[in-house]
Amino acid sequence: MAPWNRFCALLFLLTSPLAFVANAETEYVYGVDAEGVTRPLALERYPALYTGDFGDCLGGESLFNITKFDAAYYADNLTIVFHLDGTSNIRNESLMMHIEVDAYGSNRFEMTFDPCNLNLYSLCPLNASVPVKGWASIQVGPQQIGGIPPVAFAIPDIEGFAKLQIFANSSQTEIGCFQANMRNGNSFSHPEAVAPVLGVFTLVAIVASFATAAYGVSIAHMRMHYAHSLSVFIVFETFQSIFFTGALSVNWPSVCIAWWSNFAWSAGIIYAPAMVHSIDSFAGVKGNASQVGGAGSVVINNNGGLINQIYGRSILPRTTGAMLRRSEYNASNPYDYTWAGNPVMPGMPTPGTWSGFPATLAGAGIPAADAFLVGFIWIVVAMGVVALSIAVLKGSLEVLARRKWIKEDRLAYFRDHWAGYLGLSVVRAFFMAFFAVMTLSMFQFSMSGPSGMMAVSAVVFIIFLAGATLLVAYACRDRTRYGRFQTNPDEVVFHSSKLFKAVPIVIPAWSSTLKEREVQVQPVFTIPLFRIRHVNDDPARKTVHQDQGYIKKYGWLSARYRRTRWWFLAYYIGYLTVRAAFLGGGIKSPLAQVYGLLIFEILAFAAIIILNPFEGARNTAMAVWMLSINKIVTTGLSIAFLPAFNLDRIIATVIGVIIIVIQGLVVVALLILIVLSAISSWMSLSRNREDMGSEALEPIRVRYFNSMEAKAADSYVPPKSGKGKDKEDGESPQEPPKPYFSVVSVRRAPKIEDEDDDVLYDLEPPQHAINGVDPATFRVSSRASRTNSVSSRYSTSSLPRAGRAHNSSWSSKDFAQMDASPDQTDSGLAQRLSDMNSSAGHGRDDSASSTPVPFTVRPASSRQSLRTLSGTRPISPFSPGLNTPSRETLARHAEERRYPTPKPGVPDLSEE
């Protein structure tokens, strides 16, 4: 027991200090809420509403330098607290302070007070030699906070702010203003959790896509499987389009800003403190990240009231020591808290404002002036990671092959051409980053900045624009140089149709295409245009998807698109450039930016429907339909946020939640398509195996391969009309009528003679009669293939053996008619076997061949079932090597059966 007692004592000594500390840190006070209920409240609890990061709402011209500004509202005891730390350069001034809380565009609470009445001695009066340290708790009543709606305590990303204004009594002039955004602990912004999840799914899409491009031997076959995997380009475009929705210059609801921060990483907007701080000076961002405010240069309209009391704009040396960074959280102090915000970084907008792209960037922690360079650096890093990954994969496969851990020919084509894969992967990453770089660079041009920053932006803009244009132009020229272009007048017909066979929509189509396919539609309106076609000089030239040399060099351009839309990426680069111009370059003209982008997106949607470029169904569903509709709907809803409309902020929040729901559904659909793409890529990798390891997926794999081969031809298939599978298109050619039944199998019913074991034994030819015949001629059908009636050996029939028929297929009447026929000939099978016997060299002449052969008994296991040879004639149960027996032979056989006499050496099977 002694060791156990010592262990318990040691455990008590170790845990008792922890329990003491825990009890020491938790202190309680009693509070009364709005309903009059009194309850103990922990000091470390979170308030119902509290402030986040704070900034100077006088644009940096406040006469204070503030390191801490926190305000909170405790609904459980109807208390408002605020905390203010900092310094000032004002020698001596009595103050008045005004605090207000705004939520959803309306003033919900305000109070004006004298700091001396709240025992804020460092502000009573204000003196430059005394650091500002103020903490106050204000008890309020239900009437004072009645303007705060209860939903504000639960809705994510509450749109509100707390503002503290400081006035000088001598002149009644505002000398300080500090504002912080309000929070309630709920938010749509979780980039630390959402971004890694999306990154994992993106990595799955990358691996699935690359596997289909690297596995195989036939380049054309590899391209076909690669075309049906989900495009990583579409994955990044989906995430980027969601994030860059915030580039529109409108007053966004706070929920949208928080939601878009989860997708900032896809555009290279990733917050790294060291990187951002090092870029600040180059981008022209100046300021102290540990404080807000400071002595400004603006002339205060005080009519000379503070001239005699303000001695300078610089902080006195003896007060400089007070300008310290905010102290860290002290866990031993029960009155300290962890919910406090920090001073906003230099270059950030004022907290509590959510206008335009700067607010979207602030949600990701990036100043607007740093956005271009931060995004470009991360994009270059990503391209380097892509190149390094290809090289590492090549080296890893070689090491595994040399160690015999994988087969020597595993991914042989990739290992032999890894340098080409590396180059094409970098080019592909270049095009994935194209839209983000163009948008950020145009945003930098519109915002202006230092000459160095503008020069870098211009160089990168030219490199990406010229590089993408030249690459696409050279790839298209290499394919079209052997031929000529034709321009023909055409028109776009917008006709009514139904989406998912239920939603009525208007779909555009070329008039010439409708005529070629003989499709009748109901036109709504038409737009006259022209159509450009390319005609090859060599009609027998291989198609773009069969030209292996072109696929090797320009598969990044054409591989995923249909045979007749291989050039679609050239069009799409132009589309992305114009879209980037609207988003990045139109920030100073909100009306033109929003309305122009909406019209452009509608026209682009019509164009992509007409072109229908993708060969894979998943790429079509995502890029053509869901992504395009998402862009149009979100841009259309964004019109409501234009500053000219001054929309009620509660209604704006509702519309913002609708945008989040729409974009969230698109993201969920994308993640599902990524999973399906991974499964289809697994099927593609198993195409050389008969069994992929899952019986449930085997029929799906067969249908997938058949569909893939059908779509590779890119030929028009008329759609079925009407409801149900049985209704065919009335204009489609009708197939010739077929029989309404078909013979699947023939079953032989049991016969009486099947029960007689020795009927056929005497009909068997002697062994020496077939010794010279090829054994293949006498193949016996498998026992497993015979029916039960043929395989039966015994019967319960009570008929005597003399009364049983020999064979229902061979009656005495039939043989009599055959013997009476003068032109009777042997059956084709008998003739062939007779020729084979004569050619075997047994020395039989024609007379000998017609002599009846003595019957012998054969084992029951060697009996043959009735089957058809030579297409029409059934095989006789007698030996196929003999002619048809005569009536005398059958009569003699019947007599022998009537009075059976066992032959010597032959067992009597009837006794068994």
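Glycine is no exception: its Cβ is also placed from the backbone N, Cα and C atoms.
These come from TrEMBL:
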SIGNAL    1-24  signal peptide
DOMAIN    47-189  domain 'ML-like'
TRANSMEM  193-218  transmembrane segment
TRANSMEM  230-252  transmembrane segment
TRANSMEM  371-397  transmembrane segment
TRANSMEM  418-443  transmembrane segment
TRANSMEM  455-476  transmembrane segment
TRANSMEM  566-587  transmembrane segment
TRANSMEM  593-611  transmembrane segment
TRANSMEM  623-644  transmembrane segment
TRANSMEM  650-679  transmembrane segment
REGION    714-743  region 'Disordered'
REGION    765-912  region 'Disordered'
COMPBIAS  779-798  compositional bias 'Low complexity'
COMPBIAS  822-840  compositional bias 'Polar residues'
COMPBIAS  848-873  compositional bias 'Polar residues'
COMPBIAS  889-899  compositional bias 'Basic and acidic residues'
* Structure fact -> Checked against DSSP, the composition of the domain 'ML-like' (47-189) is 8 helix, 79 strand, 56 coil
* **Chain residues in Cβ proximity to the transmembrane segment (593-611) (below 8 Å; excluding those fewer than six residues from its ends, i.e. six or more beyond)** => 248-250, 492, 494, 507-510, 565, 568, 571, 575, 578-579, 582-583, 586-587, 623-624, 628-629, 631-632, 635-636, 638-639, 642
* For the transmembrane segment (650-679), distant same-chain residues with Cβ under 8 A (at least six beyond the ends) -> 104-105, 155, 159, 188, 198, 201-202, 204-205, 207-209, 229-230, 235, 238, 242, 245, 251-256, 259, 618, 621-622, 626-627, 630, 633-634, 637-638, 640-641, 697
* Does the transmembrane segment (230-252) reach the transmembrane segment (566-587), going by 3 or more CB pairs under 8 Å (6 or more apart in sequence)? -> yes
* Asked: Which sequence positions outside the transmembrane segment (371-397), separated from its termini by at least 6 residues, show Cβ-Cβ distances below 8 Å to it?
  -> 267-270, 272, 275-276, 279, 282-283, 361, 406, 410-411, 414-415, 418, 421-422, 425-426, 429-430, 433, 436-437, 440-441, 443-444, 453, 456-457, 460
* Asked: What parts of the chain pack near the transmembrane segment (566-587), using Cβ distances under 8 Å and only residues at least 6 beyond its ends?
  -> 244, 247-249, 356-357, 431, 434-435, 438-447, 465, 468-469, 472-473, 475-476, 479, 544-545, 557-558, 593, 596-597, 600-601, 604, 607, 611, 613
* Asked: Tell me, what is the mean pLDDT of the domain 'ML-like' (47-189)?
  -> 85
